[in-house]
Structure formats: C-alpha cells, structure tokens
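Peer 1: Quick one: the structure is below, questions incoming.
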Amino acid sequence: AVLVESLLVFTMVLSVHAVVWDRFSWCAVALAVQAFYVQFKWDRLLQLGSAVFQFRGAANSGLLPASMVIPLLGVVMKERCRAAGIVYFERFGVVVASTGMLLALFLSVLAVGITKPVPTNTCILTGIAGSVIIYTMKHSLTVSEVIEVLEVLLIFVYLSMILLYLLPRCFTPGEALLVLGGVSFVLNQLIKRSLNVIEGRGDPIDFFLLVAVVGVILLGLFFTVLFLFMDSGTWISSMFFHMMTAVLGLGVIMPWLYRLIQRNPLFWLLQFLFQTQTRLYLLVYWTFLAASACGVVFYQNAKRSSESKKHQASTITRKYFHFIVVATYVPGLIYDRQLLYVAAVLCLAVFIFLEYIRYFRIKPFGQTLRHLLSLFLDERDSGPLILTHIYLLLGMSLPVWLFPRSCAPKGTLPGAGALVPYSGVLAVGVGDTIASVFGSTMGEIKWPGTKKTFEGTMTAIFAQIIAVALILIFDSSVNLNSSYAWILASVSLVSLLEAYTTQIDNLLLPLYLQIMLMA
C-alpha cells in the first residue's frame, strides 16, 4: 500500500513538473526521492515506539505525500502568477515552495538523526537532496526571503515541540508537517504584515483569515497552560474561561485586526455579511443547513440511547455531513466566493472554539459535547482532540482560501484552473463520499493491501466527472478550454490516492487535486 501511494505521489510530482519544469523541479524530484526512503525510517520508528513524540497509530508516517504538498503549491502558484505578470505573488510562490522544501527536509533529518544504527544510504540521499535545495535557494531567493523562510522554520520547530507534546496521538508525522507547517506560515505572514502595515494595501478578508487562525491557536495555548494549574471542569474555571476569551478577543484580536484593516472589525464584518440581497439569502440557507446538521447529531444520539450504549455511527451516517457540506459550498462558489471565504473562516473559528469547550470540559456545554460527538468517532480520532470535522471543513475551504485571486484578473483561471475552488467539493464532498458509500455497501473487489474497493474508487471517479459536467452547466464563469483529459487524469490519480493513503484524506486529497488543476 505504501509503495502504491508513493508511486501515485511520484506520478503527480512528475506530471506537475512536466508542465512547469524549472530549477525548482530538480529540488522537488530530489526531495521526493529522499522522502520516499526516509518514510520507511519514520515507519520503523513508529512501530518500535522510538519516535520523539507519540504519533497517531494505525497509519504510516505519510512523509512523502505530505512533504510534496507545500512545495508543489508554491511552484504552481509561482507559474500562474508569472503568467499573469504579478511579480509580488510570483516571488511569494517561490517563498512558499522553498519553505515547504526546508520543512520537509527538517523532518527527514530528524528521522535520520534518531534512527539507530545510523542509515548510511539514507543519510547520503538526504545530504544530496539538502545540497540541491540549499544551492537552488541560494540562487533564487533574496536575503529578505531567506530570512522569511528561516523564520517559518524556527516557528515550526517551536510549535512542533509544544503542540506534539501537548497533543499526543493526534497527528502522524506527515499530518504534523502539513498542519503545523501551515500554521507556522500563517503566523509568520501575520507578524510580517503587522510590522509593515500600509493603509489600503491588502484585502481585509485575507487579514481576517490570518488573525482568526492565529487568534484561536494562541487562545488554545493560553488555556492549555492555564489549566495545568487549575481544574478546568469547575464552574469557577468555566467562568474564567469565558471571561478571558472575551478579554483576549476584544482586547487583543480585535485591535490587531483593526490595525491591519484600518477600520472597526465588527462594523466591517456586519457590513460585509449583509452587503447584498444574495448574501442575505445565502446566510439564511446556510443557517438552515447548520440546523439540519445539528438535527442529525441529536437524532443519531437519541437512536443510540434507545438501542445500545456501544452503538457507533456508520460510515453512511457520517457521510451525511459530507452531503450537507457540499450543499453549503456549491451555492457559495457559484454566487459569492468572498462571502464563502469569510463564512468558512468564521466556521473554522467556531469549530475550534467548541473543541476547546469539549476538550477542557467547560461548563455548561463541555460534557454534553463530549457525549454527543463520541458517537461519530473513528480510528483516526485516537488522541485527546476530535479533529475529523475540522479536517473536513479545512479540506473544503483550503482551495477557496489558497486560490490566487490576484493572479486571476477575471476571478477565474483559464482551463482546468477554473475548477480549483471546487477541489474540495470534488475530492472530498463528491469523490470520498461516493467511494465510502458505494464501497461499503456494494464493493467486493478490494485493492491489494487496503480495505478500499475497486467499485468504490471507480464510482468516485465517475461521480466527480458528472459533478464537473454539472459545474459547467450551472457556473458560467467556468471555461475548461478542452482540458478534459488533464481533469480526468487528475481526478483518477487523486481517487486512487484516496484508496491507498492512511493519512487524513479530507485534508490531503483536496490539496493534491488543487495542485493538479492549477498546473
């Protein structure tokens, strides 16, 4: 299974660089080769329990697929912005690619360093890949860009030491690279932009994303340290939690956002949400869907209490939420992507805040949330946090957030790139959902080395092609310019990756589909 997963990742890496071959292509290939070898060292460390931290069980390290995501995103972003003549974001793509390569190389060096006896051949490969990457960075980056890359690496190292210690068994090494690497990059961007505020420069919704992500992470770190010294389940602690949330929100996060967007954040948000009648209709519709999702949770829990205490939600039941999310995102993508962008940020902040309430058992809802959500746990929620619903939201939202709007003057990219914002809907909302439902109900032929079925994968590919046809009908901004073969190949490769990967598919699949479509 690991070999096939690696083969699929190599195929996507070579496919992307066949289109956008440049000096970074040599780095990407070298990084992929060494990550393939180091991945087995990480797997051995996880099996022996010799890794530095406790990682999620029942999964391999996932180093190769995770190592290539950020570098490939940077490369395709650089090429798209270069074609559009936007130099600032072309350089930004170079920084993203370089940062992703350095973070992946750091994880590889860490694995090689703690493996006993020292693997000589893997050390040589890692050294060669590192030399190629550093040589290319030396000739591609300015001094300020090198400093920025090193800043992200430093933040990543400190965040990894803190969060992987506080949250054992929540991530595999690959998932930690993706999640903590992304958070490190966001934190560095926020610091950089806060120190260089120029009035009128930058889109407020981008600042809103940066401040919201960093704000909820800092909030979690603050309360984690605080509740080391006091019991979080008491009423006094709960009142203190809510009071300090208000203080930090109104006293730190709001002024920070005010400095960046140069206006009152609450007034700006209210004006933005209710700016047009279409937005009002979408908000009412989304409120109805949110109520429906809550209804599913309460109904399934009522069903559990009447049947058995050990009853767990089936795969099909969990996929109800995928259908609800598709119904949420598609109208937003068609009618108002900026509103969807902001609404997804708000939803992410709410999800993480509710997870804090559940994790710390904050009264009056902490214990209730623990009971309600325990029904929907699966083997991937082996740590203290329940992250699958947050990963689902991220998988649907990241293609919207990472879409290079400044490099798409007409609001959309040419060819297959027009489908980039739909990557989450196609890969997770349609493909993963259909594969799970049909595979678990009608699948008989299993892919070698996995529990996934041939029927599920083929049905997922077919369903995504139908979804693309429906997008063409209902979204007039999408014009594929006869790039149907590339779309079919991209969808097929990502669907096969879903069958073979043991990583969080909600997070990994949309990013790979976005990379392929942007290329």
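Note that Cβ sites are derived from N, Cα and C of the backbone, with glycine treated the same way.
In TrEMBL, annotation is done automatically, which means it is predicted and not curated.
Per TrEMBL, the features are:
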TRANSMEM  57-76  transmembrane segment
TRANSMEM  88-112  transmembrane segment
TRANSMEM  118-137  transmembrane segment
TRANSMEM  207-228  transmembrane segment
TRANSMEM  240-258  transmembrane segment
TRANSMEM  278-299  transmembrane segment
TRANSMEM  320-335  transmembrane segment
TRANSMEM  341-361  transmembrane segment
TRANSMEM  382-402  transmembrane segment
TRANSMEM  422-442  transmembrane segment
TRANSMEM  454-474  transmembrane segment
TRANSMEM  486-513  transmembrane segment
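So where do these features actually land, and what's packed around them?
Peer 2: Here the transmembrane segment (57-76) has Cβ contacts under 8 Å with residues 2, 5-6, 9, 12-13, 16-17, 20, 22, 24-25, 27-28, 31-32, 35-36, 38-39, 42-43, 46, 93-101, 103-104, 107-108, 111, 169, 172-175, 177-178, 181-182, 185, 379-380, 382, 402, 497, 501-503, 508, 511-512, 514-515, 518-519 of the same chain, all six or more residues outside its ends.
Sequence-distant neighbours of the transmembrane segment (207-228) (same chain, 6+ residues past either end, Cβ-Cβ under 8 Å): 162, 166, 183, 186-187, 189-190, 193, 237, 241, 244-245, 248-249, 252-253, 256-257, 260-261, 265, 269, 341-342, 345-346, 348-349, 352-353, 356, 360, 401.
Only residues 6 or more beyond the boundaries of the transmembrane segment (240-258), in the same chain, are considered here, and those with a CB under 8 A from a CB of the stretch are 194, 207-208, 211, 215, 218-219, 222-223, 226, 232, 264-266, 353, 360, 362.
Beyond the transmembrane segment (278-299), the same-chain residues lying 6 or more positions past its ends with a Cβ under 8 Å from any Cβ of the stretch are 317, 320-321, 324, 327-328, 331-332, 335-336, 339, 343, 372-373, 375-376.
Long-range contacts of the transmembrane segment (341-361) within the same chain: residues 205, 208-209, 212-213, 215-216, 219-220, 223, 227, 232-233, 241, 245, 269, 272-273, 283, 286, 332, 367, 369-370, 373, 384-387, 389-390, 393-394, 396-397, 400-401, each at least 6 residues beyond the stretch ends and with a Cβ under 8 Å from a Cβ of the stretch.
Within the chain carrying the transmembrane segment (382-402), a Cβ under 8 angstroms from the stretch's Cβ atoms is held by residues 56-58, 73, 77, 167-171, 209, 321-322, 325, 329, 333, 337, 340-341, 344-345, 347-348, 351-352, 355, 358-359, 373, 376, 420-425, 427-429, 504, 506-507, 509-511, 513-514, all 6 or more beyond its ends.
Only residues 6 or more beyond the boundaries of the transmembrane segment (422-442), in the same chain, are considered here, and those with a CB under 8 A from a CB of the stretch are 315-316, 319, 322-323, 325-326, 329-330, 333, 392, 395-400, 452-453, 455-457, 459-461, 463-464, 467-468, 471, 491, 494-495, 498-499, 505-506, 509-514, 517.
If one looks beyond the transmembrane segment (486-513) by at least 6 residues along the same chain, the residues whose Cβ comes under 8 Å of a Cβ in the stretch are 1, 4-5, 8-9, 11-12, 15, 58-60, 62, 65-66, 69, 73, 172, 174-175, 178-179, 380, 387-388, 391-392, 394-396, 398-399, 415-416, 419, 423-424, 426-428, 431-432, 435, 447, 449-450, 452, 456-457, 460-461, 464-465, 468, 480.
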